[in-house]
Structure formats: structure tokens, C-alpha cells
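Asks: This is the feature table in Swiss-Prot:
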| type | residues | note |
| --- | --- | --- |
| BINDING | G15, A16, S17, A18, S19, G20, K21, S22 | ATP binding site |
Amino acid sequence: MTDKSHQCVIIGIAGASASGKSLIASTLYRELREQVGDEHIGVIPEDSYYKDQSHLSMEERVKTNYDHPNAMDHNLLFQHLQMLKAGKPIELPVYSYVEHTRTAQTVHIEPKKVIILEGILLLTDARLREEMNFSIFVDTPLDICLMRRIKRDVNERGRSMDSVMTQYQKTVRPMFLQFIDPSKQYADIIVPRGGKNRIAIDILKAKISQFFE
């Protein structure tokens, strides 16, 4: 039986790669943390749950379609969400974008009153949707997402522009159209214009603040 005193509220934020999901999640976390304290709110990125590929060569790892639901260990994520809701801590995997696999390290996460979950494929999995108290889809035009992705992956993840463009054409855009964009039908709130939509962020803050009352 779940201990209601530890009941964890899960808020899902989905959308295309480089749509502004992480910016919205980090802004909500930072501003709400100032109000309620770090012990009451946390963020979990879906990227942490990319499957372990340590058994594959680097050549094989780079061929993985990272925008397909099969690239994600949603079974483990689902298990972790259930544990947090039951008042139990989890060991969050740590994923290396350079090595294209999990590292040996984990991050200890204690249950929080509110967990903000963000990632591209969250709403494609019915089990994850069931665990969310409410969900958000960040709806940003693909051309803007591409420009942001090039800047981010080249500057922050050690990628070449050619590799980013090839991946975008082969997997990112097709998988967005096949899986991610259709999943926005499941969102409770759709946020246009990405992470700098201040009005939307204020509305979301007000909604999330209700869970701390």
C-alpha cells in the first residue's frame, strides 16, 4: 500500500528535440525550488534512460536510432516512477552523449513532492502517461528546433555539424513525425514557442504550486 505522506506528483514535459523542454523544466525547477526548497522538487531527464550499450562497439552505438522508443529503457523509468510514488529512493542512470552509453555512475534521487520529468518520447508510452499527474507538450517549429540542435550538439556534445545534419535527416525528423508529434494528443497542456514563453511558464508554475498547498 502506498504511503500517502510520500505521494509523489509526476509532471511530464515532452516535445521535439531542442524544442525548449529542458529550458522549461529547469526554469520551473529553479523558480519553484526558491519557494519550496530543494527537498520538495526535482527533475528527471528521459535521456538518462537511454539503454545501456556498453556491449556494443562505438561503430555500432553511433548507428542506434536514438529518436525511436526502442532506444529508451522505459521499463526501468516506469519502475523508478512507481518507486518514487511509493516513497522509495532510486538510482538514476547517468548517460554519456560522447560514449553513447551509460556510465558506471548513478545519481541517488530521494522521493520529492513534485518530480518534473522531461523528454522527447514520454507521451508515446501509455504506462508513463498513467503515472503522470499532468503532462505538457512543447510545440516548437522544426526549423527552429534544428537550429538549436546544431548549436547545442556541436558546442556541448562534441558533435560535427555534418553528423548532426545526417542524424536529423535520417532519424530525428522522421521519428518526430512518426512518434513524437502524434503523442501531443495526450498532453493536457500544449505550450507554443518553446522555453521562453513566459506566460506559459507562469501558468504552469501556478498549476504546480497547487500541489504544495
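Note that Cβ sites are derived from N, Cα and C of the backbone, with glycine treated the same way.
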Asks: Please report the DSSP secondary structure of A16 (ATP binding site), reduced to three states.
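Replies: Once the DSSP labels are grouped into three classes, A16 (ATP binding site) ends up as coil.
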Asks: When a 10 Å sphere is centred on the Cβ of A16 (ATP binding site), how many other Cβ atoms does it contain?
Replies: 28
Asks: Of all the binding-site residues given, G15, G20, which residue's CB has the most CB neighbours within 10 A?
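Replies: Answer returned by the neighbour count: G15.
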Asks: Cβ within 8 angstroms of the Cβ centroid of G15, A16, S17, A18, S19, G20, K21, S22: which residues besides those meet this for the ATP site?
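Replies: Here the nearby residues are I120, V138, T140, C145, R148, G194, G195.
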Asks: Tell me, if you would, which residue among S17, S19 (binding-site residues) has the fewest other CB atoms within 10 Å in the structure shown?
Replies: S17
Asks: To see if you understand the setup: which same-chain residues, six or more apart in sequence, place their Cβ under 8 Å from that of K21 (ATP binding site)?
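Replies: Listed in sequence order, they are I13, A14, G15, E118, G119, I120, V138, G195.
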